[in-house]
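Novice: Annotations per TrEMBL:
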{"type": "ACT_SITE", "residues": "A:Tyr108", "note": "active site"}
{"type": "ACT_SITE", "residues": "A:Asp150", "note": "active site, proton donor/acceptor"}
{"type": "ACT_SITE", "residues": "A:His251", "note": "active site, proton acceptor"}
{"type": "BINDING", "residues": "A:Asn7, A:Glu34, A:Asp150, A:Asn152, A:Asp250, A:His251", "note": "Mg(2+) binding site"}
{"type": "DOMAIN", "residues": "A:4-251", "note": "domain 'Endonuclease/exonuclease/phosphatase'"}
{"type": "SITE", "residues": "A:Asn152", "note": "site 'Transition state stabilizer'"}
{"type": "SITE", "residues": "A:Asp221", "note": "site 'Important for catalytic activity'"}
{"type": "SITE", "residues": "A:His251", "note": "site 'Interaction with DNA substrate'"}
Amino acid sequence: MRIATWNVNSIGARLPRLRAWLESAAPDVLCVQELKCADDAFPREQLAELGYESASYGLGRWNGVAVLSRIGIEDVTRGLVDEPRYEEATEPRAIGATCGGVRVWSVYVPNGREPEHPHYQYKLRWLEALRATVAAETAATDKPFAVLGDFNIAPTDTDVWDISLFADSTHVTEAERKALAVLRDAGLTDVLPRPLKYDHPYTYWDYRALAFPKNRGMRIDLVYADATFGAAVGDAYVDREERKGKGSSDHAPVVVDLEL
DNA sequence: ATGCCGAGTTCGACTCGA
């Protein structure tokens, strides 16, 4: 079984490349983030033509997550346990679904903007709600389980191209990394993908300043898997080819092959 | 060549991203 995650940075703008990638990479399940579209505008039929069912959670121009599957979608859950709101608004950032006997969550963790910004505290509260959701779900089922998506956290200093440039920046702070450690304490492990080129499995490169050609990237799209899911992992890689060329997302897909 | 930011909103300057 092949499961992937990809922040597409607008499913509308990315639809031609998304469809081509689904045909070439042929994942059984794809967790998608940053739809930037409401559910009534979700391109359900265009994905169904390729054999994928969709469960989406989008409210408009920002955020939005989905699970695509060609092996069935059941028990869809939108939002987290005791999920915080930002400026009194609910943001669509998490959707869970069971596909082919595997429980997956597609998540788009808040960015945080700056450590002193209210959005950063929102990010930490949101990560606590994710922990609570993981604890509740893994206690209730023995299905292989994983949270996949854009965590907006670089787990270690080597997960950014130059840590010296990240002083006082979000994505690398102690508190954010502690939130990942808490998820690991809850029984999840970081499935480290292999890079297809260079030394580090970056998943994101800014559109600006030649970041991709210079390989100034970050590993922020993560797969956090429970023991059952983790034990089944045969291969994992970042499909950096998909970051190339015109009309790409600024994130590359992370692909995980399970021996299930 | 991997190439100098892109998307949505609502028609063009703004917000957001990390």
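Numbering starts at 1 and runs along the chain as it is shown here.
A Cβ is built for glycine as well, from the same backbone N, Cα and C atoms used for every other residue.
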Novice: Which residues, same chain and not among A:Asn7, A:Glu34, A:Asp150, A:Asn152, A:Asp250, A:His251, have a CB within 8 angstroms of the centroid of the CB atoms at the recorded Mg(2+) site?
Specialist: A:Asn9, A:Gln33, A:Tyr108, A:Tyr204, A:Ile220, A:Asp221, A:Ser249
Novice: How big is the gap, in Å, between the Cα of A:Asn152 (Mg(2+) binding site) and that of A:Asp221 (site 'Important for catalytic activity'), rounded to a whole number?
Specialist: 7
Novice: Rounded to the nearest Å, what's the C-alpha distance separating A:Asp150 (active site, proton donor/acceptor) and A:Asp221 (site 'Important for catalytic activity')? Just drop the number here, would you?
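Specialist: Pair distance, Cα basis, whole Å: 4 Å.
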Novice: Please tell me which one of the recorded positions listed here (A:Asn7, A:Glu34, A:Tyr108, A:Asp221) sits closest to the residue listed as 'active site, proton acceptor', measuring Cα to Cα?
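Specialist: So, spelling it out, the nearest of the recorded positions is A:Asn7.
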Novice: Which one of these recorded positions, A:Glu34, A:Asp150, A:Asp221, A:Asp250, has the sparsest Cβ neighbourhood, judged by other Cβ atoms within 10 angstroms?
Specialist: A:Asp250
Novice: Taking all residues of the domain 'Endonuclease/exonuclease/phosphatase' (A:4-251) together, what is their mean pLDDT?
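Specialist: Over the domain 'Endonuclease/exonuclease/phosphatase' (A:4-251), the predicted model scores a mean pLDDT of 96.
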